[in-house]
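Notes for the one structure printed next.
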């Protein structure tokens, strides 16, 4: 086989591999697959949960009223996230979408975090928020958004929202292109992981001493 033909075949194979790697999830092969609650407790799962028998599916599998009212906020950061994902709405299984409501006290913060499995779009229900995300080149993209406005946080990037109003609460509805987007809070992940991230690793990474690391861990664990 000539060198030019060999190169052409390699290009086709590499292009095919790249296309496959970046392809989206395939369409479902049934109308829906209501999550079977017991399947979350046992067995190995790749994406989603086992399906409930069709004869046992009811309208309640597709319904959730938990976003209708503001949540009670009893924490030090001043915000609460109420998820409407597959764990709350079994009918979302395999459909690749979910919602959340986030309520903020005056001055409340949704601390820096990531969603490893989804892009997030927030719609402001009330109030005004300072929002932003950090790119992989360490550039902060931020904006103040108010009632009726929308902001997007790209998949996997660190982001935050803060209610800058000291007198009024705020609230948003978040939409995700995942039935279970996952949330990784940066501070909690680093300073309250189990088993713990070694103190010397954290001290070196943040240019602080071991006592500072201990103090931060104590503060975070007492506020979880």
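The backbone N, Cα and C atoms fix where each Cβ goes, glycine too.
Bear in mind that the values here come from a model prediction, so they are computed numbers and not experimental data.
Database features, via TrEMBL:
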{"type": "SIGNAL", "residues": "1-23", "note": "signal peptide"}
{"type": "DISULFID", "residues": "33-51", "note": "disulfide bond"}
{"type": "DOMAIN", "residues": "62-214", "note": "domain 'Cupin type-1'"}
{"type": "BINDING", "residues": "110, 115, 120", "note": "oxalate binding site"}
{"type": "BINDING", "residues": "113, 115, 120, 159", "note": "Mn(2+) binding site"}
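Cα of residue 113 (Mn(2+) binding site) to Cα of residue 120 (oxalate binding site): a span of 12 Å.
The most densely surrounded of the binding-site residues 113, 115 is 115 (count of other Cβ atoms within 10 A of its Cβ). Cα spacing between residue 33 (disulfide bond) and residue 120 (oxalate binding site): 23 Å, rounded to the nearest whole number. Excluding 110, 115, 120 themselves, the residues of that chain whose CB lies within 8 A of the CB mean position for the oxalate site are, in sequence, 100, 113, 114, 122, 153, 159, 161, 174, 176, 181, 183.
Highest local Cβ density among the disulfide-bonded residues 33, 51 belongs to 33, counted as other Cβ atoms within 10 Å over all protein chains shown. Residues within less than 8 Å, Cβ to Cβ, of residue 110 (oxalate binding site) and separated from it by at least 6 positions along the same chain comprise 77, 79, 81, 102, 104, 160, 161, 162.
The Mn(2+) site, placed at the center of the C-beta atoms of 113, 115, 120, 159, has further neighbours from the same chain whose C-beta lies within 8 angstroms: 114, 133, 153, 157, 158, 181, 183.
This prediction places the mean pLDDT of the domain 'Cupin type-1' (62-214) at 96. A simple way to gauge crowding: the CB of residue 159 (Mn(2+) binding site) has 22 other CB atoms within 10 angstroms, across all the protein chains here. Listed in sequence order, the residues of the same chain lying 6 or more apart from residue 120 (oxalate binding site) and placing their CB within less than 8 Å of its CB are 152, 153, 159, 174, 175, 176, 181.
Looking at residue 115 (oxalate binding site) and residue 51 (disulfide bond), their Cα atoms lie 25 Å from each other.
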